Amino acid sequence: MKQSVSAEQIELKSSLPGSKKVYVDGPREGMKVPMREIEQSETNGVPNPPIRVYDTSGPYTDPAYKVELEKGIPTPRHSWIMGRGDVDAYEGREVKPEDDGVKVASKHTPVFPQMDRKPLRAKQGANVTQMHYARNGIITSEMEYVAIREGVEPEFVRKEIAEGRAILPANINHPEAEPMIIGRNFHVKVNANIGNSAVSSSIAEEVEKMTWATRWGADTIMDLSTGKNIHTTREWIIRNAPVPVGTVPIYQALEKVNGIAEDLTWEVYRDTLIEQAEQGVDYFTIHAGVLLRYIPITAKRTTGIVSRGGSIMAQWCLFHHKENFLYTHFEEICEIMKQYDVSFSLGDGLRPGSIADANDEAQFSELETLGELTKIAWKHDVQVMIEGPGHVPMHLIKENMEKELDICQGAPFYTLGPLTTDIAPGYDHITSAIGAAMIGWFGTAMLCYVTPKEHLGLPNKDDVRTGVITYKIAAHAADLAKGHKTAHQRDDALSKARFEFRWRDQFNLSLDPERAMEYHDETLPAEGAKTAHFCSMCGPKFCSMRISHDIREYAKENDLETTEAIEKGMKEKAEEFKEAGSHLYQ
């Protein structure tokens with residue numbers, strides 16, 4: 001009897017405190033775009049309006065939704081995909097034990113119950129990518145959905161996709177995903193990496209990490225599983241993921257050849273691409289820019305090649321003394337991608353793994369090749385984003401953004417940090433968030449989170465939470481710096497709540513309400529402290545905001561401007577001092 005993964009096995013939390021799930025009706029029948037609405041209390045009887053924010057949590061935070069992981073979540077895109085009339089259902093490839101990294105399927109593996117689902121692909125001669133539709137002047141339902149989420153016009157979304165400045169990752173076999181967009185003229189997005197390894201984690205844990213990450217604000221998920229049950233883990237994640245899912249197909253291909261890089265072949269890799277496309281993976285990291293001639297350049301580096309995918313392909317190239325088969329077969333890969341609308345995330349296999357290697361010849365040589373490959377993908381109307389570093393000191397970050405925009409013709413940049421120093425293992429979520437905020441400001445479209453476990457171990461769900469929140473801070477700071485028209489609204493609301501001592505509103509408006517409340521209550525746990533005009537930092541006598549309130553009240557009572565009130569108050573205090581005898585100590 002094969003086991004299943006149930007909601008009881010994982011921790012699923014409802015909406016964040018003070019929030020509720022709301023839906024905005026779209027222009028098409030049945031289109032409902034989710035938002036999170038944060039309630040606010042009154043100020044002296046005057047209402048404060050609720051604040052609506054972008055929501056990535058899917059149906060899990062809707063109290064009306066019954067979670068049944070074995071059935072998957074609703075499929076809002078299915079009718080849109082079928083309604084375009086350019087796809088066919090077909091039998092698909094046979095799922096084999098090797099897909100899960102074993103010779104014989106285990107009876108203990110919790111196979112997803114709906115495995116009889118037939119995959120979709122483009123009809124003969126058709127192209128089903130969002131870029132293809134956009135270039136033909138078609139505004140899809142997905143584009144309309146995204147426009148509501150981003151607060152822009154659908155035509156703007158279409159144009160950004162058509163010109164390659166943004167991607168809308170939306171595999172036709174992942175109808176569960178709520179459409180989102182990645183581009184520098186939209187909100188900066190955050191990706192969270194999850195996935196098992198050969199020594200750690202289970203399917204249930206990875207599904208839990210996915211729901212956990214999206215609850216805290218992850219815009220996409222990458223399943224980087226490298227151990228057993230890769231196919232099955234991915235199926236459970238995709239069928240229950242409300243956000244796009246990315247993978248690095250070379251990891252699974254390597255498992256199929258028993259971890260021996262030189263045994264990899266184009267045929268094994270191609271089969272893996274089709275397998276994952278049929279499951280519904282929305283974007284593939286493909287290290288097609290690691291060319292044979294670039295590998296010797298890395299020999300003088302401090303940390304060599306640190307990308308797993310990059311090192312696998314480098315090993316294959318050196319063993320066979322042949323060019324990277326991902327590069328030589330790139331046009332064939334494009335043909336597969338456009339049948340399912342899988343987006344490219346062109347991998348930076350030669351990214352710097354240390355500050356000493358930042359912005360070196362190997363890194364930028366690969367970037368030149370990624371620019372070449374971008375043009376080829378666009379020729380097929382396949383969506384592309386470019387992966388970036390890595391480890392880069394602050395003064396070298398801007399050059400990365402400028403070169404990417406120039407060499408890759410404005411394709412969205414997707415960066416891992418970058419980490420701005422190498423000396424803080426255990427705190428690399430901080431070292432990288434510094435770089436992430438900067439490069440997001442300069443134009444990076446999506447930031448790949450880093451957790452405190454980076455360089456040390458596989459992150460657990462608490463590390464995932466810390467990583468996501470840290471990167472939501474960086475992304476939001478970048479949105480503010482870029483002047484995104486709605487970015488400041490939440491900041492303004494929280495600042496107003498802080499000045500008015502509306503403690504619960506402060507908690508609820510924050511990126512992590514539970515943590516904010518927890519820290520406040522460590523020193524002032526009483527319910528009355530939630531309305532007190534001070535916190536434990538300054539106490540009641542030294543609270544600057546309480547003093548500011550007193551000044552304003554004094555000005556109001558005496559019909560004065562605030563500056564006049566301060567001057568008048570100082571004169572009155574001086575008179576009191578004189579009348580008391582002008583003694584310094586009473």
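Cβ from N, Cα, C; glycine included.
Features as listed in Swiss-Prot:
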- N193, M222, Y251, H287, S307, R308, G309, D348, G349, L350, R351, E387, Y414: substrate binding site (BINDING)
- H391, H455: Zn(2+) binding site (BINDING)
- C535, C538, C543: [4Fe-4S] cluster binding site (BINDING)
- 22-33: compositional bias 'Basic and acidic residues' (COMPBIAS)
- 1-33: region 'Disordered' (REGION)
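All features noted in Swiss-Prot, drawn onto the structure.
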residue : record                 : Cβ contacts under 8 Å, 6 or more apart
N193    : substrate binding site : I221, M222, L224, C448, Y449, P459
Y251    : substrate binding site : L224, S225, T226, I230, R308, G309
S307    : substrate binding site : H287, G347, D348, G349, L350, R351, G353
H391    : Zn(2+) binding site    : P352, G353, S354, I355, D357, A358, G417, P418, L419, D422
Y414    : substrate binding site : I182, N191, S345, M385, I386, E387, G388, T444, A445, M446, L447, C448
H455    : Zn(2+) binding site    : P425, D428
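Long-range contacts of the compositional bias 'Basic and acidic residues' (22-33) within the same chain, counting only residues at least 6 positions beyond its ends with a Cβ under 8 Å from a Cβ of the stretch, are 52, 76, 79-80, 141, 144-145, 148-149, 178. Cβ-based crowding with a 10 Å cutoff singles out G349 as the top-ranked of the binding-site residues G309, G349. Around the Cβ of R351 (substrate binding site), 27 further Cβ atoms fall within 10 Å across all displayed protein chains.
Per-class residue totals from DSSP over the compositional bias 'Basic and acidic residues' (22-33), listed helix then strand then coil: 0 helix, 6 strand, 6 coil. Secondary structure at H455 (Zn(2+) binding site), as computed by DSSP, is coil. DSSP assigns Y414 (substrate binding site) to a strand segment in the three-state reduction. Annotation note: R351 (substrate binding site) sits in a coil segment as assigned by DSSP.
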